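Under the heading active site, proton acceptor, TrEMBL lists HIS183. Residues or ranges marked as NAD(+) binding site in TrEMBL: GLY19, ALA20, GLY21, SER22, VAL23, GLY24, ASP44, ASN103. The domain 'Lactate/malate dehydrogenase N-terminal' annotation in TrEMBL covers 13-150. Among the features that TrEMBL reports, domain 'Lactate/malate dehydrogenase C-terminal' is placed at 153-317. The transmembrane segment feature in TrEMBL is assigned to 12-32.
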Amino acid sequence: MPFQSNSSDAKSIKIVVVGAGSVGVTTAYALLLDRLAADIVLIDVDKNRAQGEAMDLSHAAHFAQARVRVGDYEDCAHAAAVVITAGVNQKPGQTRLDLVKTNYALFKEVVPRVAHHAPDTILVVATNPVDVLTHAALQLSGFPVERVIGSGTAMDTTRFRHELGRHFGVNPRNVHAVILGEHGDSQLPAWSLASISGMRLRDYCEAAGVEYDEAALEGCARRTKEAAYEIIRRKGKTNYGVASVLVSILQPIVTDSDAIMTVSRVGAYGGVEDVALSMPCKLNRSGAYQDVPLRLSESEQQALRQSALSIKEVLDSLEDQPCVLEDQQYSLRAEL
Ligand SMILES: NC(=O)c1ccc[n+]([C@@H]2O[C@H](COP(=O)([O-])OP(=O)(O)OC[C@H]3O[C@@H](n4cnc5c(N)ncnc54)[C@H](O)[C@@H]3O)[C@@H](O)[C@H]2O)c1
Ligand SMILES: *[C@@H]1O[C@H](CO)[C@@H](O)[C@H](O)[C@H]1NC(C)=O
């Protein structure tokens, strides 16, 4: 994104990244290159390493005219957004849901502190399992639902468009297609909504004289779902894709641009209440809104319900431990 009309606003914009590991620092670097914020703060339990990262990033920041520094939770005050990337990540063969206990315990420590110092900020959660932790972050912060956003299937949607673009030989920008539901194994491709150049896929194939190859298209969805496993098997983690997705979520928040993206938010889906998963949301300065109309097919609605149920099952398995948040007792499953 080139330096643009928001450049004057960027002067006062602060973005905090909690967790200066691989995803956190790659995100900070992508933020710098996009010139989205003037002040980037890294918070990590490993202060020494975070300091090293901040120093290194500062030398890149010199050209981007932003400041990168290590901070503490007080520094979350007045942040436009706080991105949470702290936590353990998948080992080869592990699912995202395997991480839940460790990262939920970490969220109990981190989220109330962020919320205390930055009661008006927007939380953007990347830590996995991202849907479960988006739900936890809502409960632990006490924020309104639109201000707790999980990166969700924004990553999968990007991968899916990339796969379809390759299959059809068109730029992914010109492919409109979304992955909904869990950022994980129960996600679903919304085939009924997919389009190229304003035409549904079947119409596009017919008009272009190419075969609507169902097996090949299923292959695109399968590679989308398995991409993270494949990358982790080869290099042990993922960082570049998710970092640029996080920046593309922060961008409409900071610039108040009403972009529609598939991000995770707590809501009711397919008759399953109080669960977070991804649907198209409108993003602006006040957060993520589900006022984007969506007409799914019958089988897609069923798949969405299944996805919601599988996330709900993990939420229910978390022990119902109360936590103290500014003199009030909240429990994970309490209705807010
Ligand atoms: N949503 C996505 O699309 C996506 C993609 C990739 C990774 N992830 C997730 O992001 C998380 C981080 O992955 P990573 O590869 O950067 O891991 P990493 O190990 O490189 O970094 C994690 C960082 O968190 C810090 N940390 C641990 N406990 C903390 C605490 N209490 N407070 C502050 N910081 C703390 C660690 O010191 C470390 O620097 C994982 O949960 C991973 O699964 C999500
Ligand atoms: C963001 O969008 C929502 C829903 O459409 C709207 O209610 C809200 O006022 C918008 N916020 C801003 C700052 O424009």
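Backbone N, Cα and C define each Cβ position, glycine as well.
All features noted in TrEMBL, drawn onto the structure.
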residue: GLY19; record: NAD(+) binding site; Cβ neighbours (10 Å): 24
residue: ALA20; record: NAD(+) binding site; Cβ neighbours (10 Å): 27
residue: GLY21; record: NAD(+) binding site; Cβ neighbours (10 Å): 20
residue: SER22; record: NAD(+) binding site; Cβ neighbours (10 Å): 17
residue: VAL23; record: NAD(+) binding site; Cβ neighbours (10 Å): 28
residue: GLY24; record: NAD(+) binding site; Cβ neighbours (10 Å): 25
residue: ASP44; record: NAD(+) binding site; Cβ neighbours (10 Å): 22
residue: ASN103; record: NAD(+) binding site; Cβ neighbours (10 Å): 23
residue: HIS183; record: active site, proton acceptor; Cβ neighbours (10 Å): 30
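The CA atom of VAL23 (NAD(+) binding site) is located 16 Å away from the CA atom of the residue listed as 'active site, proton acceptor'.
In the three-state DSSP reading, GLY24 (NAD(+) binding site) counts as helix. For the domain 'Lactate/malate dehydrogenase N-terminal' (13-150), DSSP puts the residue distribution at 72 helix, 25 strand, 41 coil.
Note: the CA-CA distance between HIS183 (active site, proton acceptor) and ASN103 (NAD(+) binding site) rounds to 16 Å. The NAD(+) site in the record is lined by GLY19, ALA20, GLY21, SER22, VAL23, GLY24, ASP44, ASN103, and its two most distant CA atoms lie 16 Å apart. In the three-state DSSP scheme, HIS183 (active site, proton acceptor) falls into the coil class.
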